[in-house]
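Enquirer: Below is the structure I would like to discuss, written out as C-alpha cells.
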C-alpha cells in the first residue's frame, strides 16, 4: 500500500506538473524545467512571478485584445468551476472517511468488550471446575464416613440385642413370651430413637413426636454409650457436610444457568456483529463504485484541463510571436538600435553562460540523485538560490533597460496595459495549477485512506471469526461440564444407609414419616 505522502502515478505522469511559466520563457531556456524532480509536487523556483517585460511601442487594434481577453476570462471561469467541483468531491471524501472511522471505532470497542468477557468466562469456568473437583472429593469422603458410621451402628445394635437376650435367659421361663415381646419393643424403640435423633440433627430442632428413652431400660455398658455419643457427633458432622454440599451444588446450578444465559447473549451479539459486518461490506462496495465513478470524472476533467492548457500555451506562443514581429518592425524606427543590440548580445552571452551552468548543474544533480536524496534537496536549494540571484540580476538589467526607453512610454502605454493583463491572467493560472496539484495530493491521500480502511475491515473480520470460534469452544466446554455433572448423579446416600441399616419391619414403620425425604441428597 502506498504511503499518503507519495503521489499516485497518474498525478506524477500528468503534464500539468511538468509545465510552468518562468522568467526564462522569453529567453528560450527549456532545460530549466528538467531541474524539478518528477516525483516532487512542491512548486519550483520557476514559479516566481516574472519581471515586467520590456515595453515596446506597438500599435494593436483594440478589438482583437478585447476578444482575446474575453476568451481568457471564460477559460479562467471554467477552470475555477472545475476547481470548485474538485473541492466538493474532496469534502465528500473527507466526510465519508470520518463516518467510516467512527464505525471502525465502534466495532473495535465491541471487539475489545467481547475479548474481555470471553476472558472472564474462561476464568469463571476454571474456578467452577476447581470447585467441582473439591466437591467431588468432599462427597467421596462423606460417603466413606457414612459407610463407617453404618457399620458401627450395626455392630452396636448387635451388642445391644445380645445383652437383651442374656437378660431374658436369667428370668423365669414362664414369662418368656412377654420378655420376647418386650425385647422386640425395646429393639424397635432403640432403632426408632436413633433414627429420630438423626432426623433431629438434620432438621436442626426436635422431632414431632417425643423421643423415647429406652436406653436406660436396655442398660448398655459405658463403652457402648461413649461410642454411641461419638457416633452421634460424627453423624452431626456428616449431616452438616452433606447440607453444605447440597447448598454448593445449588449455587453451581445457578452459576451454570447464568453462564448459559450469558452465552445466549453472546450468540446474539455475534449475530449482530455479523449483520453489521455484512452491512459494512455492502457500503464498501458502494463506496468503491462511487470512487471509480469519481476517478473517471476527475480523469475526464484533467484531460479537459490539459486541452485548455495546451490551447492557452498555443495562444501565448502566438502572442509571443506577434510581439517578436512587432519588435522587428519597430526596431527600424529607433536610432539607438545598435546600443540596444550590444546590450542584447551581452544578455545573450550571459544567458548562454547560464544555460551551460544549468546543464552542468543538471549533470551534478543526476549524479547526486543517485547517491542520496538528502544531498539532492540541498543542491536544489542552492541552485534555486543561484537562479533567484540571476533572476534578480536580469530584473535589474531590464530595469536599467526600461530607464533608457522612457521616451517610448507614450506610444506603448496600451501595449504595456495588455501585457499587465496577460501577467495577471498567468498568475491566476498558476494559482489554479497549484490548487489542482493540492487537490491531486488530497485525492491520493483519500485513496490511501480507503486502502487502509479495507485492510482494517479485513483485520476486524478475522478477529470476529476468531471470537466466534472462541465462543463456540466455550459453549462446548460448558456442555461437557454439564454432561459430567449429569453422569456423576448417584442415588441418595441416606436411602442406601436406611435400606442396609434397618430391617423390613422398621422400614414399614418409617414409611409414613414425612421427614424422611429431607435426608436424601438432591443432585440435579
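Just so you know, the numbers here start at 1 and follow the chain as drawn.
The backbone N, Cα and C atoms fix where each Cβ goes, glycine too.
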Enquirer: I'm validating the feature mapping. Which of 483-503, 504-524 is tagged region 'Disordered' in Swiss-Prot?
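Expert: It is 504-524 that Swiss-Prot describes as region 'Disordered'.
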Enquirer: Choose the correct range: of 178-200, 201-223, 224-246, 247-269, which one does Swiss-Prot annotate as region 'Disordered'? Give that range.
Expert: 201-223
Enquirer: What is the pLDDT of the coiled coil (242-490) when averaged and given as a whole number?
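Expert: For the coiled coil (242-490), the model's average pLDDT rounds to 80.
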